[in-house]
Amino acid sequence: MKQFLFFILKTLALLLLTMGLLDVLYTTVYLQSDSRTKIDYLYNSNNKDYDVVFLGSSRVNNHFVPKIFNDQGYKTFNFGITRSRLEESALMLKLMMERHYKIKTLILQVDLNINTNDHSEAIRSLFMPYLHQSQIIRDHYRSIPEYYELLYIPFYRYLHYDARVGFREMYASLVHKRTNNLDNDGFHPLESHGGKIIPADLSKYYPKKNVAYEEIKAICKANNIRLIAMTTPMCMSTINRDYFNHINSVYPEIYRFENAVTDDKYFSTCGHMNKAGAVAFTKVVFDAFFKPKAKP
Amino acid sequence: MFFNSFHFAVFLPIVFILYWFVGHKSKINQNYILILASYYFYSCWDWRFLFLLVFSTLLDYVSAMKIEKSTTPSERKRWLWLCISINIGFLGIFKYYNFFAESFAEVLQSFGVKASPILLDLILPVGISFYTFHGLSYIIDIYYGRIKSEKNFVDYSLFVSYFPLLVAGPIERATHLLPQVKKRRKFSFNKAKEGVYQIVWGLVKKVVIADSCAIYANAVFDNYHSMNSLSLVLGAVYFAFQIYGDFSGYSDIALGTSKLFGIDLLKNFNYPYFSRDIAEFWRKWHISLTTWFRDYLYIPLGGSKGSKWLKVRNTFIIFLVSGFWHGASWTFIAWGFINALYFLPLLLLNRNRKNLEEFRLGLNFDSLRIVFNILITFGLTCLAWIFFRAKTITEAYQYIKRLFENGIFSEQYFAIERYNYELIPLVLVFVVAEWNSRTKTEPISGQYSWLKLSLCLAAILALGVFSDYKEFIYFQF
């Protein structure tokens, strides 16, 4: 039995060693990757100077065209990430501050995402490789239930989030396999599908006070960033468009742009515009906030 | 509590310590610890089903003694059939009632009679098919006088409820397991070490092979109407490795776990995908179930004795019942039927016991023929697996039709953001590992065992699927 216990101890030591080595390998690879996701790009950049930064979900990623701003002399980047929620947007902004970004204006999408205070597991996983290196990320996740396991058990974070930061992603980062996430200054255009737009149903959506949004407001105030929080277009056949009226009853400062583009030909799906829609919408936003006012 | 869960990783060492450090002095203590652990293990799914398990154990235990004490053949037969009826009755209610009710209603509807069957909203008790077959084999062996009935209820309960085999087999025989639980087990380092290796290899099969293949197989089967021929071929191959990795991985963990307690269980798989014909495949796939059907159904029906027609009938019965055992669905029956069709030519030509001996490959024509036969057998198996995996027979038919008609063999990008061919290297590495260790129970033991163990651990950690957790497929049966 003594021999067996010794064998088990050796096996466990081997397991721990393997976990440690794999953790070092994966983390090293991710720390050197800056071209696969907006998060690794952000983490591996420093002292960026932006006039305008866009934050939000796919409804930012697919809706704001930085080129329109850049052509007018504004330095702009679209940091919207498909599937992210306001919690991840808040962390993105905190990370920007940690990386000494200088931002004049933040355009934040606040519409469907204030239906919940929840987070996105898919996007949370993308922050995990930097857990040991970034104090901001550690602080942000300090209250989640598995925080100590993620931080102290080697490789646990990569096991827990293997679908997003597991072997496939690590290998792709290692061989510098390109993605289109950073093309067009972060804007990802969608195609039209040609068919009829299926209405989105917002009847189960209720806008509520959002912790992450409050946090973003506080960060902007502390860092002297002009915050423009706005809704973005949904197709006109959306069920319960009244949802957008309720948003203003919770947060009156949010600008209403859900009707900025209405024609179905500008939509890829009910909640996402195609490229033409994105261009039209970005122009509307630019004109509303950045176009020099004509002298009276 | 699944074998690949954290819960089990805590449970197993506790039981091991209690077994070898507290209860090691007597067989009675060892058995009490194992039976309590087994009941706890089973109650982790649903404690209410413990009553069913205990009832089934009591029924078989009492029936066996009654059969033995019976003075007349008719009384013996009465007790045998009473026990079989109740056991099959439970299985029928929980597993097959809704299927029969719905099928009957469909038949009536085809004759223009409108019927709305009363369906039962029951959860299938995990492992019911396995422990029912356990008990039945015991009762039938008693009836035929092959063994004596077990008087010690704890020993008998352990035979039925022993946790490594409780929920998905292997389906044990009283002649093999009972003698082991009737004596005190002494610790053997080599056996325990072999057990650990087998558990690790089982985990590789489950979390690396089966669960990875499941992601791709699901992507193909769930969207087969938009897949090209290459994706459909790969989908069937991935599913073949998913079900093999899943079930044989489970069996390896069960056998390995049992070895930690000094108990050997029946081997359930013997590298079935290296079979040279379907008969050999069935001698190597889910061995404990195949031999169960052979001994308790095929042979009592007359087996391969008698006329050709009788042999054919018996073959179809055994394959159809085997298919139906897997689940109350026409797809499983179709899967059994197809395997019977595969088996038929071998039976009629008296070639079903041809490939009994082991083989070695060399640089000669004979080896080429063996490899060709293996590939053909594997291809036929994959084709049958399509029926096993599909939701309906129509879906399986459409899948196969599209596979042959589409004719496009190019890479395809799935909605799950993966290419259809991505998993091929992993599957090939696994095949090579299995091929090289096909004379052993697992590939880790032997030379460079520490290196091989490290590679397996690294594979589990790096290539395993953890976030997209999959239950063992055979738990549902």
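Here, residue 1 is simply the first one shown, and the rest follow in order.
Every residue gets a Cβ built from N, Cα and C, even glycine.
Among the ranges B:118-144, B:226-252, the one that TrEMBL lists as transmembrane segment is B:118-144.
The stretch in closest packing with the transmembrane segment (B:118-144), judged by the count of Cβ pairs under 8 Å and taken from B:6-22, B:34-59, B:79-97, B:449-467, is B:79-97.
Within its own chain, the transmembrane segment (B:79-97) has Cβ neighbours under 8 Å at 52, 56, 59-60, 63, 66-67, 70, 119-120, 122, 124-125, 128-129, 132, 135-136, 139-140, 143, 324, 327-328, counting only residues six or more beyond its boundaries.
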